[in-house]
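Novice: The compositional bias 'Acidic residues' annotation in TrEMBL covers 344-353. Residues or ranges marked as region 'Disordered' in TrEMBL: 316-353. Feature annotation from TrEMBL assigns transmembrane segment to 6-28, 53-75, 81-100, 107-126, 146-167, 174-198, 213-231, 243-263, 275-295.
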Amino acid sequence: PLAMGAGFGAGLGLALASSAFIGGSFVLKKKGLLRLCGRARAGQGGHAYLREWLWWAGLLCMGVGEAANFAAYAFAPATLVTPLGALSVLVSAVLSSIFLNEQLNVHGKIGCILSILGSTVMVIHAPQEEEVSSLESMAEKLKDPGFIVFAVCVLVSSLLLIFVAGPRYGQSNVLVYVLVCSAIGSLSVSCVKGLGIALKELFSGKPVLKEPLGWLLLVCLVICISIQINYLNKALDIFNTSVVTPIYYVLFTTAVMTCSAILFKEWQHLVLDNIIGSISGFLTIVSGIFLLHAFRDMPFTPSLLPLFLQPARADPHPPWSTADRHQSCQHQPLLPSEDKDSQSAEEEEEEEE
């Protein structure tokens, strides 16, 4: 387990603040997009949302949340910070039910509880990442063949999603634009990690501004964030917020954990119980997110309960006298008497013919 040091406390606090700001930003941006009455929407390639102050407020909240998230990555491992992003799903779901009238039923509440429990388990069993203390060591890791292959696969798949799958399935399948955001987001986390190391060296008095790697990471980060914002806006405008947010979390977390495992070798020296705990915690989070998403439109009424739990059926086996007096609906004819008479008449006419 991770030591409860200053870096852990700072990373944990920044990650929690990041989840609160990012979860609120989804709702603010959605409110701004809904105010585009009759104007070109983001889902059709328009940019009228740039004139909505609510959208800019959401963008500001997301910027603050991402900045806190980036700082958290500089202080703590990615597999500690990323699972706490589930809290942004909870914040978004709760605020959406309040301000966007998006129903949060019992299944969603159970999903929220499972997400919190899974995040706690993952934090307890989070692996220690391999120490990276300078831009030189970061450069060596970026030259690793495994990471190069991963980065090439991410870029190629993103281009295919943008230029091939996007025009065909982007309006009907939520995975198209969310996959672009998640895949590019895994690379942005790597850039953030390197920039965090550069800032630490800068504050310690080292001539980091002369290093080309720091500027290259900054340019790559700006490009990645621009792509994420653009396609996340498209997904939010076309699909429901409570759909986009959890799917984005699951895919983004999986991509970041994969990228961190390849780049920083976080799982290399992990013992078996921590591996099982981390995987179990992540699967618990995924289960909670699935409950929050899959059953969001299913109303939870007493009729869905078993018979012995329904308030109108306290006694599942009534006395015979009661049963004779009040015939159960299960023994009623499927068709009314008039319909049965008309149906029998039609059958007789067919026989005569």
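Glycine residues also receive a Cβ, built from the backbone N, Cα and C atoms like all the rest.
Are these features on the surface or tucked inside, and what touches them?
Specialist: Here the transmembrane segment (174-198) has Cβ contacts under 8 Å with residues 69-71, 73-75, 78, 82, 132-135, 138, 142, 151, 154, 157-158, 161-162, 165-166, 208, 211, 213-214, 217-218, 220-221, 224-225, 227-228, 231-232, 234-235, 238-239, 243-244, 247-248, 251-252, 254-256, 258-260, 263-264 of the same chain, all six or more residues outside its ends.
Nonlocal intrachain contacts for the transmembrane segment (243-263), taken as residues 6+ away from its ends with a CB within less than 8 angstroms of a stretch CB, comprise 23, 26, 77-79, 82-83, 85-86, 88-89, 92-93, 129, 141-142, 144, 146-147, 150, 154, 174-175, 178-179, 181-183, 185-187, 189-190, 232, 235-236, 282, 285-286, 289-290, 292-293, 296.
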Novice: Short question: most Cβ pairs under 8 Å with the transmembrane segment (81-100), which of 6-28, 107-126, 146-167?
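Specialist: Against the transmembrane segment (81-100), the leading stretch is 6-28.
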Novice: Would you call the transmembrane segment (53-75) and the transmembrane segment (107-126) in contact, using three or more Cβ pairs under 8 Å, pairs 6 or more apart in sequence?
Specialist: no
Novice: Taking 3+ C-beta pairs under 8 angstroms (sequence gap of 6 or more) as contact, is the transmembrane segment (275-295) in contact with the transmembrane segment (107-126)?
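Specialist: Contact criterion met.
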